[in-house]
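Step one of this worksheet: look at the structure below.
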C-alpha cells in the first residue's frame, strides 16, 4: 500500500528475494528513475533506427539484380550458380546474425540503468526489448525491404496492412528458411559447447585470484535465448500456410533445442534467483501477437486471391484471439505480478515444521544489506550493536 500522501515521495513495491536485489537503484529518487526510463526509451528507438542500416545491406545481398548495379565489376562472378546461391542465400543470414550478437548485451545494459531494483526485472525488460527489436528489425524490416519512410507509411495506412503483408511476407520465405538454419541450428549447437564463455574464462583466469573451488556456476541468459525461440515460433505460425517448407527446418531446430537446453538446465546452468514464472507472460503475449499477425496475413492473402468467403470466415478470428487474450489477462496475469495470500499462507503452514527454517531465519538477518549502508571499517568492540555510530573523540 502507499506510505505517503505524495506517491512519489515514498515509492513501494513488492520486495524481491535477497539474491535478486539490484542495489544501485534501490534508494534512488522517483525523478531519477523516471528520467532513466525516458533516456532508455529514446536510446532503444535510436538503436532500432540505426540497425536498419545492416538490415538494408542484407536485403541488398538477397537481391542479385541490385548487387549487379552496386558492383558491376562482380557481374561475371555473380553469374556462377554456386556463388550466387551462397551470396543470396546463406551470407545475408550470417551477416545479420553477427550483427544481432551485440543486441542482447546492449539491451541488458539499457535495462540495468532503467531504474529496476531486482535482476529478474532487468532481465525481463531486456527480454522484451530484444524480442520486439528482433520482430521489428528482422521480420518487418526484412519483409518491407525499402526505405524507412516506406515502412512507416505502411503502418500509417492500417486498412491496407493485411494486403501488403500478404504480398510481401511470402516473398521472403527463402530468406527466413536460411535464417532458421544459420541462426537456429548454429546457435543451438554452439550452446552445447559454449565456446565463447570457455575462451573468455581462459583469458580472464590469469587475472583473477579465484581458485577452482570458487568457480561460479553460470545462469542461463533468458534475455538472449527466449526472444530467439519466440521469434522462430512467430516464423512457424506465420509461414506454415504460406511456405510449409519452413516447418521441417523449424522442427529440427525445436528438437535440437529441447535436447540441448534440457541438458544445459540439468548439468550446466544454475538459477541465481527465483522469478516465479515472470517470463511466461512474455511468451503468452508473443504467441497472441503471432496468431493475430498470421490471421491478418491470411485475410489479406484471401482478399488478393479474390476468395470473399474465406476472408469473411477468417475475419472474426483476430477479435476472438484478442478476446481470449483479455480473458487470460484477467484470469492468470495477476498471479504473475504478486503472490496470492492463499498460496503464502499455505507455504507458511508447510514451513512451520521444516527443520531448515532456523537456518533460513539466521540467513535472513544479513540477506538484505544495501552496499551504501555497509561500514567501511568494522569496530574492534565486541559489543558493536550497543556502541554509538560516532565515537566521543570524533
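Glycine is treated like the rest: Cβ placed from N, Cα and C.
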Suppose you had to name the range TrEMBL annotates as transmembrane segment; which of 202-221, 262-281, 282-301 would you pick?
282-301
Of 229-261, 328-360, the range TrEMBL labels transmembrane segment:
229-261
Would you mind telling me which of 109-129, 130-150, 151-171 TrEMBL tags as transmembrane segment?
130-150
With TrEMBL as the source, identify the stretch among 5-28, 77-100 annotated transmembrane segment.
77-100
Mean pLDDT over the domain 'CSC1/OSCA1-like 7TM region' (37-302): what is the value?
80
Best-contacting stretch, by C-beta pairs under 8 Å, relative to the transmembrane segment (282-301) and drawn from 38-57, 229-261, 307-324:
229-261
